[in-house]
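These features come from TrEMBL:
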DOMAIN    A:16-130  domain 'Response regulatory'
MOD_RES   A:Asp65  4-aspartylphosphate
DOMAIN    A:139-237  domain 'OmpR/PhoB-type'
DNA_BIND  A:139-237  DNA-binding region
Amino acid sequence: MGSAPFKDFAYKDPMKILVIEDDREAADYLQKALSEAGHTAHLASDGEMGFAIADTNEYDVLVVDRMLPRRDGLSVIAELRAHGNTTPVLILSALGEVDDRVTGLRAGGDDYLTKPYAFSELLARVEVLNRRAGAKEVETVYRSGDLELDRLSHTVRRSGKEITLQPREFRLLEYLMRHAGQVVTRTMLLENVWDYHFDPQTNVIDVHVSRLRGKIEKGFESPVLHTVRGAGYMLKAG
Amino acid sequence: MLAKLSAMMRTTAARLSALYLLLFAVCAVVLVFYMTSLSARMLAGQTMETINEEVQGLAQAYQRGGLPFLVRTIERRARQPGANLYLIADPNGRILSGNVENLEPGVLEGDGWTERPFAYQRFGEGERGGEQRNTALESTARPADGRHHAIAVVLRLPNQMIMLVGRDLGEPERFRSVVQRALMFALGMMGVGAFLIWFLVGRRALKRIDSVSEASARIMEGDLTRRLPVTGAGDEFDRLSENLNAMLGRIGTLNEGLKQVSDNIAHDLKTPLTRLRNRAEAALAGKRKPAEYRETLEATIAESDQLIRTFNAILMISRLEAGYSAESVTKVDLADAVRDVVELYEPAAEDVGVVLEASVDGSFVVDGNRELIGQALSNVVDNAIKYSAGASESPRVVVSLEKTAAEIRLRIADNGPGIADEADRQRATERFVRLEESRSQPGSGLGLSLAKAVIRFHGGQLDLSDNNPGLSVTMVFPDAKGGE
């Protein structure tokens, strides 16, 4: 897998990422792919080393394998949090049951990705985590080009014209707009908009997105909701 | 025989019965001795009493008529059959009168009761004693020297004459010997009986254990269909065998499941893995355009994703079926779950021309895991949409909820082709089972089995029935404990 599938990400905001992963091959692959996506990735191959590096350096995102030699991934995260380190953490794990995810997030992780994963999924999540460190959560109105979403009055306008959305469509658009300019995957949408972590066998999310797209693009000139091949969707004006 | 006996001796039953046998024998011997000594004492008491009465009678005769009358009385009494012993002797011990011819020296020198039984001989019995009454019963009562034994009272008459009144001990001794023999005989019989019972009980126990061991040896050799023998006697062996059989049944089921899973894994994972490998190999084989490589790689990723999906489903089913109970359980309103899943699938259903409806009113709370229930429900709804699409004029999937006294029934009904055969409906929830008609549809064949595992994890069951036309899948949940 080269950089080609991810050029669509076209991320303009390079991040500094620490990958704590003991599988040499997986770590090297991640480092290479992240740098091709425009980011800088550092590697740590065990828990102690990972903790020492993360504790003394500034990173935008930490990618932490759950099972690490010398020190368990969750304890690394817990201790970083205890030291007041709030760097967003993406946990990687072979354990994917409901409870595993819950314990991972409880230990201080911000997101949880089950192995094996697609790199596009990891990249999308890492970039969303970084942006989450920003202040978009507190904004009451999201704007993207001529598209405007008011979180308080639950209204959506494009070029000043009100668009009527179903509650779920509103939440879908809200999530897409919060991460405007970033790739969001189908799994991320299912997790964040429907709060389900399983894998629906059919393309249910695609259908929802295309419905939403119909509502916010029909009658308007430019597309705002783009499909990112092999990865997911991106809301981007212009 | 000896080896068998020693094997038998090692069984608990045989050991117990041997112990009882020993205890019983000791008791019986003590009883025999007690009985015989008691009866001997009683008979001796009777004898002495008889002699005392005799002496009193003779004393009266003496008082009435003096010595001559006494002698006459004695003579008369001595002639009666079975008479006691009477003897009158002069001070030197010469026998003057009575029915005793001869007696152990020194007896007449004492006074009062003789200290121990003494030997004597009656008149006219000297030569034939011993041989004539040679029956078995009497032989021991008669001493080896052919003489009788007796006890007696020796009295000194006023004129220095010596009088002896005694009683033969033959009869009490015979009686004692009869009692003793009878008891010994009974004891012997009891011993033989006890041994026989011990032998039979021990052998039976041994036989049962042998048959159980033999059956378990066969089972250990790998024949898990064999069962331990149950005789129907309802005894401890039967109970043990029944329990072991139940255990074997459970092991058999698990084993069967394991075998089926490994077969299925072999089939359902090997096939796509082979495809994956072949595709990569074919791509490497010749020179191709970049677009073709790209296509191959994309297909490879898609295939891997499907493999991962199948693998995850297998793992999840196994964990749920193994009774893994740590999954967070909270109160879940099935009405919300139904609305969520229907809302999630509705656009996709509409895309393929299927009307997906939720017919839900009120709240239906169960103890459960929202995520798992959502997944189970979405699997079934996904199936229903897939199979009913294009199968009828107006394909329709209805999800409804109803509450009965103790359970909540979540029903997903479609009007698609359904599964006509009852047996096929049963099989449809088994792992990897994809009925022939459904082979053309995409999927791992694990959707329904995963749903079933989830419902069973919640203490419920998954039923498939005919919807006339179509299939109706009912998830039966037990009502939440303690209500809301």
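Cβ atoms here come from the backbone N, Cα and C positions, even for glycine.
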Practice task
Summarise the model confidence on the domain 'Response regulatory' (A:16-130) as a single mean pLDDT, whole number.
Solution key: 89
Practice task
Sort the residues of the DNA-binding region (A:139-237) into helix, strand and coil with DSSP and give the three counts.
Solution key: 34 helix, 25 strand, 40 coil
Completion exercise
Reduced to three DSSP states, the domain 'Response regulatory' (A:16-130) has 54 helix, 24 strand, 37 coil
